[in-house]
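What Swiss-Prot says about this protein:
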type	residues	note
ACT_SITE	263	active site
ACT_SITE	366	active site
COMPBIAS	19-31	compositional bias 'Polar residues'
INTRAMEM	414-434	intramembrane segment
MOD_RES	22	phosphoserine
MOD_RES	25	phosphoserine
MOD_RES	30	phosphoserine
MOD_RES	52	phosphoserine
REGION	1-74	region 'Disordered'
TOPO_DOM	1-87	topological domain 'Cytoplasmic'
TOPO_DOM	109-138	topological domain 'Lumenal'
TOPO_DOM	160-166	topological domain 'Cytoplasmic'
TOPO_DOM	188-200	topological domain 'Lumenal'
TOPO_DOM	245-249	topological domain 'Lumenal'
TOPO_DOM	271-358	topological domain 'Cytoplasmic'
TOPO_DOM	380-388	topological domain 'Lumenal'
TOPO_DOM	410-413	topological domain 'Cytoplasmic'
TOPO_DOM	435-448	topological domain 'Cytoplasmic'
TRANSMEM	88-108	transmembrane segment
TRANSMEM	139-159	transmembrane segment
TRANSMEM	167-187	transmembrane segment
TRANSMEM	201-221	transmembrane segment
TRANSMEM	224-244	transmembrane segment
TRANSMEM	250-270	transmembrane segment
TRANSMEM	359-379	transmembrane segment
TRANSMEM	389-409	transmembrane segment
């Protein structure tokens, strides 16, 4: 439930596109070429006057480092707009897809709108005519739900603090197995019933097995980045549908407000569990759990991208089983073989390390609660489309503001408070003000 940039340190040597590179990262070749040496000042000045504009158009990255000579005026603002907007879009697309899947399911499959049970974390029912009793039950359900989330988060942080990577990895694998197999089987069965599509059980089991097996490989081992992102979106949508179905209506709204406050405290407080988790991962130079984080970054590891040794000059090392026990990569997962690039011409003996991941990372909890808010807006009451679209736009506006603050402060920030606050305000204002106004206009056949 946090958003953060993939950076190991708050002290950067570069800005704009490479602002996420830490001070310990090796300087790229383009940056080194742009810095004049003491012995070639005249040649640098000549190169600056003759080729600055041409090289800027062909390769803007060579001016990405601060202090590079010959940077044209306005290039910094152009790169900020280009790559800042790119990061926003790279998060808008998955969040939008997740919410679209949830809303489409709510509008078409009646199973997820039928109230025939509750979660064990919300034992108090709201089937009472008394408004006060219903409000009290929703508050009690919220306290129990938030307490469970706090305890499990602290438990996860303690396990990670003491390097219990295998236990955490097994925990995440069991959760992924349940989501990718059991919940997918239930979802697919209800969709087939809704659209009256006949399918025999062997074919259904085979489809679920193939879907789940590929998802487990992509999430917990290796696979294309796009496929991994797609499975994380599907997992978030399935979990959101479960919350929408089994959370009581009033309890769901109170839980959304409380979880945004908890997210604010857990990320920004010095001893907050999520902040301690991120800081510990940065100190150890390790990635956050791959099954809990959606990454919008371009990934250069062999596990997520295909490298052609003939064209890239890279050597892919074979997998060594002994590395599984010694490496802490991916929190106890088998290490991904790394690719080492050959020294570039003109730089003999210089060995470039693997380029650092850049981009914005968003927790899957944010996807889930964004979708819960929009799904509840689509499922409760009259299911008015104006209310649903208002919540959808509010979440995207809040996410955009969160990313703006992330670019300003350059540290892990909670992604729920702004979006959830806007979503709740837009929901209740649209449902109680805009919808009655539109209904009145329609009943009197007035058009604006």
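All positions are counted from 1 along the displayed chain.
Including glycine, each Cβ sits where the backbone N, Cα and C put it.
The stretch in closest packing with the transmembrane segment (167-187), judged by the count of Cβ pairs under 8 Å and taken from 88-108, 139-159, 201-221, 224-244, 389-409, is 201-221.
Same-chain residues lying 6 or more positions outside the transmembrane segment (139-159) and placing a CB less than 8 Å from one of its CB atoms are 121-124, 167-168, 248, 251, 254-255, 258-259, 262, 266, 273-274, 276-277, 280. Counting C-beta pairs under 8 angstroms (sequence separation of 6 or more), the transmembrane segment (88-108) reaches the transmembrane segment (224-244) with 3 or more such pairs. Between the C-alpha atoms of residue 263 (active site) and residue 366 (active site), the distance comes to 10 Å. Comparing 201-221, 224-244, 359-379 for CB pairs under 8 angstroms to the transmembrane segment (250-270), the maximum falls on 359-379. Outside the transmembrane segment (201-221), and at least 6 residues removed from its termini, the chain residues within Cβ reach (under 8 Å) are 169, 172-173, 176-177, 180-181, 184-185, 188-189, 192, 227-228, 231-232, 234-235, 290-291, 303, 333-334. Using a Cβ-Cβ cut-off under 8 Å and counting only residues 6 or more beyond its ends in the same chain, the topological domain 'Lumenal' (109-138) has close neighbours at 144-145, 148, 190-191, 193-194, 241, 244-251, 253-254, 375, 379.
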